[in-house]
Amino acid sequence: MSAENSDALVISSDPLHPANLIPELCRSFYQLGWVTGTGGGICIRVGDKVFIAPSGVQKERIEPTHIFVLPYPQPPPSPHTDRVFLRRPTLKLKESACTPLFWNSFDLRAAGSCIHTHSQHAVMATLLWTGPVFTISHQARQMIKGVRIAGTGTALSYLDTLEIPIIENTPNEEDLKDSMAEAMVKYPNAAGVLVRRHGVYVWGNDWEKAKTQTECLDYLFEIGVKMKLAGLPTVLNE
């Protein structure tokens, strides 16, 4: 079975199969304004297989047959140069440009899923927090509790200060790989990484937790931006 015709890897009647979940989630994220204009991406890792959305495709129109499947782990120097595939779409599509960054979440956090959005709340947060980290504390318990230490650990509490590192954008997405990895090492408790003037990467143990954390972080970015613009402190010192 060649990597070009292995449709059995992405054709399933199970609605929870990654190849069915990714198009569904991308349509949901499109409605939220997170992945418009073909931007953004998502991957789901199940055991030794990684399912990744294509690049340059309108996210609300992705089909299961558009999904790329890669083995995990990849032989060096992949997945940053010569990637190995179990399955490529027959259409002339390219895997998400986020692929090397998704791999950071696997290698450094043992994540099962990683989501990349171009949320305007995330972008605004990177403009108002001019330093290397976004910080906020004492927010709605359900929102802060939805974020986990390191993205894969125990849940934060109302009294915790959330820190999300901010890295500088680059002309090409894949060139963010090293700076993202450095930020993840420097901020080991962070559940995501913001990219200035670009968006955010968020990971979790599985797609449900990655989705939940992306939603909770987006809420916290939005309320943080509103507080900042209103002249209110986003971190309370007790």
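Positions of Cβ are set from backbone N, Cα and C atoms, glycine also.
The annotation domain 'Class II aldolase/adducin N-terminal' is assigned in TrEMBL to 20-225. Feature annotation from TrEMBL assigns substrate binding site to CYS98. Per TrEMBL, Zn(2+) binding site is recorded for HIS116, HIS118, HIS198.
Within 10 Å of the C-beta of HIS198 (Zn(2+) binding site) there are 20 other C-beta atoms, taking all protein chains into account. In this structure, the CA atom of the residue listed as 'substrate binding site' is 13 Å away from the CA atom of HIS198 (Zn(2+) binding site).
Neighbour counts were taken as the number of other C-beta atoms within 10 angstroms of each residue's C-beta; across the binding-site residues HIS116, HIS118, the minimum falls on HIS118.
Confidence over the domain 'Class II aldolase/adducin N-terminal' (20-225), given as mean pLDDT on the 0 to 100 scale, stands at 94.
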